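Visitor: The structure follows.
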Amino acid sequence: MNLRQFAMVALAATLAISNASAREVCTAIADASTGKILLQRGECEQRVTPASTFKIAISLMGYDSGFLKDGHTPALPFREGYVDWIESWKQPTDPARWMKESVVWYSQQITQSLGKERFAQYTKNFQFGNADVSGDAKHDGLTLSWINSSLRISPLEQLSFLTKLVNRQLGVSQHAYDMTAELTKNGQLPGEWKLHGKTGWASDWGWYVGWASKGTRSFVFARLIKKDDADPKDVAPGVVARDGLIGELPALLGSQLK
């Protein structure tokens, strides 16, 4: 896609977002094989909480460490005192359900199994944003650093992390890469491109990050939005970010998807 085509698509997307109830902060896309940025629109260097997009990194940690085995092991029961912000979290959960339902307490079981030192080392090795999992006065670093706390990442840093994931350059096991790709499947784009991604939501921030692959080719992407006060309370910003970007990706990538 040439610059003129990108400009036309960007204008159309900007008009669409202006009629929505959330503000697009950034949309960024890169070619994973070269690292070349294909689209950088908005405030793409702004660091905010990763929220549940960090589950991609936690998945790599969990499978690499051996705590996670496959898509359904371990299946863990919900216990009184676990984070239960959403009713659907009050159920036994396995890795597949954890990623699909974005169950925070299951993430916490994984990070607690690692311990503070190993958890911090993984995050540092991944160069995930500021890599600060120390937490703060209100949030324990081991269990909540990625939700409105010390850990921060920008959309461009999300692309960097995802590029290394796609190219298997994060220093974890092949099984960890394979299972993380399996858990993050989000369907297909035109041309039989396989879509992988994860939403994230904390306060007014909404994320959708991931990658599209076909054969040896992959594109990584990140969208960050900020919710308006007028937003319907039952629509998670991460879902808004996901649905909007998936709808735009074929146009944004254009002939490159063929």
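Backbone N, Cα and C define each Cβ position, glycine as well.
All annotation found in TrEMBL is predicted automatically rather than curated by experts.
Here TrEMBL flags 1-22 as signal peptide. Residues annotated as domain 'Penicillin-binding protein transpeptidase' in TrEMBL: 26-231. According to TrEMBL, the feature active site, acyl-ester intermediate maps to Ser52. Summarising the annotation, TrEMBL assigns N6-carboxylysine to Lys55.
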Visitor: Around the C-beta of the residue listed as 'active site, acyl-ester intermediate', how many further C-beta atoms are within 10 angstroms, looking at every protein chain?
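Guide: The answer is 23.
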Visitor: Only counting partners 6 or more residues apart, tell me which same-chain residues put their Cβ under 8 Å from the Cβ of Lys55 (N6-carboxylysine).
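Guide: Those within reach of Lys55 (N6-carboxylysine), by Cβ under 8 Å and sequence separation of 6 or more, are Trp98, Met99, Ser102, Ser107, Lys198.
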